[in-house]
Every structure is written in structure tokens, then in C-alpha cells.
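If you check Swiss-Prot, you get these features:
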- Cys100: active site, proton donor (ACT_SITE)
- Pro16, Met17, Ala18, Gln70, Lys139, Asn200, Gly201, Asp202, Gly224, Arg225: FMN binding site (BINDING)
Amino acid sequence: MQIGPYTIAPKVILAPMAGVTDKPFRLLCKRLGAGLAVSEMTISDPRFWGTRKSLHRMDHAGEPDPISVQIAGTEPQQLAEAARYNVDHGAQLIDINMGCPAKKVCNAWAGSALMRDEDLVARILSAVVRAVDVPVTLKIRTGWDCDHRNGPTIARIAQDCGIAALAVHGRTRDQHYTGTAEYATIAQIKAALQIPVIANGDIDSPQKAAQVLRDTGVDAVMIGRAAQGRPWIFGEVAHYLATGALLPPPSLAFVRDTLLGHLEALHAFYGQPQGVRIARKHLGWYAKDHPQSADFRAVVNRAETPEAQLALTRDYFDALIAGVPPPLHAAA
């Protein structure tokens, strides 16, 4: 798949997720097979660009090309300025968020709430495309609710405004993440456009990725929640699409080493105590399908230092590898 001058291969992409797709996670997913990793959204209001959170979100040093940064907001010129600012700070692709269903985002008329105002959508897209010399992409949902499934109209507006690629989550805003994603609307959008279209929503296995690509005709798939605690899913999907064969499940040693490396990257990126705190949700995701995961989380979430967090994690997985009960009572 081509987005401007950038070839995206393999055609499996890490979706932007607030509080998840930070630099350590993007680097990990790219290393494990993602063709593109989109940053968590950065707010367009310049009053917040100097905050600790924003500075972390705008740190792209050492990331492989292309660097894709998502921006969120409601005011066309403010979003245009945010796009320019992020390009000046390393962004090679600008992604506009019109897909986030979170109440606090939609109440501010950002995210998927923008889909209710098609004229405003056109003004925002035109302003951002004119503001920067890099490709601009867009992420949307299929509509606001089942009675207002205007994704195809928004998609046509996006293409007419110069958007370089479009990602579509197969739910409406009012569904949030309930029910199941539908891909018929995505197929309809793909059939009507000339720009690349990316399907998102409930793509949680190599077989599902292949099915969605086949059934919709889209150019790539985007994976979000299924990558939490499973960053190797990108390599699994890429291998299946290339060969038609499934990779064996990752070994416990591979999971342990991947998680320990992820923890170390979080500790280094955020410092103490923030790195330990942010790592806790990732620990829960990695451990959720393993024996005594609830007991492990109860113990490891009490760790206050990087050293303790790493030691508890290593001991837990070493015990699983050895086939003995994890020493959780001793660690507590």
C-alpha cells in the first residue's frame, strides 16, 4: 500500500490508541511486524503542547520511517497549526482523529462527533491538507449511529479534500466497542474511492485479517485492542498473508523476553515512578491468558520500583516455563 511517497508493508497497521500507542509500544510493534504504527492522539490546542504528556507523545527520536502522528480537535485553523507543529517535530504523516468514541472527546465535538457536521469535516480536512507538505490521513467510523451511517459520504469528502488514505472502524460512534464490527460499509467505501482504504475493528487473528481483506477489497488492515499484550500479532498476520500458513504460538520464553524488554523501554522512556505505573496495564494484558494471572497482577501491581517489577515478572514467567507454581505468595 502506498501513502504518498511511503510504501506500507506489510499491510497490517497498529491503530492509534490513547494511553497505549506510545513510543515504546510503537517501536515494539514495528519491530515485530507492523507496517505502520500510528501515535496516540495529540491535542490540537497549543496551550497543552508543552505539558509532560504532550512532550512524550511528540517524541519520535529514533523511530523508523514513516512517522505517523494523530491529531485531534475541532477548529480547522487550530488543527492546521497542530499539523504544522508536528511536522516540524518529526511527523511524516499526519492522521486526523474523527473516530474516537470517548464521551469526553465527543462532548468537545472532537473525534467521531465531527461526523455529525459534514461541512465542518470538509473545512478541517482542507485546512490541514493545505497546511503541510506531508500526506494527511483520516480515521473515521461508519457513522454516528445506525440511523446516520454517513461514513461513505465522509469518505467521499475526504478524497475530494486531498486525504491520502482513509481508515474506517466498522462500528458507529454510539456502539463504542460493543457488539461486532461490520465490514459491508467499509467495502462500500472502498468500492467508491481511489485512495487507499484501511479496515479496522475486531481484527484479532491472521485468519480474520485475511477474511476482511478478501471480503472488503481494502488495501490494509488496522489492529488496535488485539495488539494489547500481543504485539507479535503483526508478524503473525504478515506471515499468514504472505504464506497462507500460521506461525506456531510464541513460546513462554519469547513472551517473557518481549515483556521484559517492553517494561525496560517504558521505565527508560517515562522515568520513575511514571514508567512503573504505565507498565501495569501492559503487564495485565500480557499475563491475562496465563495461569494464575489474577494473582500475578495483584502482586506485581504493588511493585513500586522498576527493579521489583522486572524481578516479579521474570520470576512469574520463569516458573511457568519450568512448569512449577509461580512463587506469588513469597513475592507478596
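Numbering starts at 1 and runs along the chain as displayed.
Note that Cβ sites are derived from N, Cα and C of the backbone, with glycine treated the same way.
Structural mapping of features recorded in Swiss-Prot.
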{"residue": "Pro16", "record": "FMN binding site", "Cβ contacts under 8 Å, 6 or more apart": "Val38, Ser39, Glu40, Met41, Gln70, Asp95, Asn97, Lys139"}
{"residue": "Gly201", "record": "FMN binding site", "Cβ contacts under 8 Å, 6 or more apart": "His169, Gly170, Arg171, Ala181, Tyr183"}
{"residue": "Gly224", "record": "FMN binding site", "Cβ contacts under 8 Å, 6 or more apart": "Leu14, Ala15, Met17, Asn200"}
Check your understanding: Which whole-number value in Å describes the distance between the Cα atoms of Ala18 (FMN binding site) and the residue listed as 'active site, proton donor'?
Key -> 9
Practice item. In three-state terms from DSSP, label Lys139 (FMN binding site) for me. Key: strand
Point to revise | Least Cβ-crowded entry, counting other Cβ within 10 Å, from the recorded positions listed as Ala18, Cys100 | key: Ala18
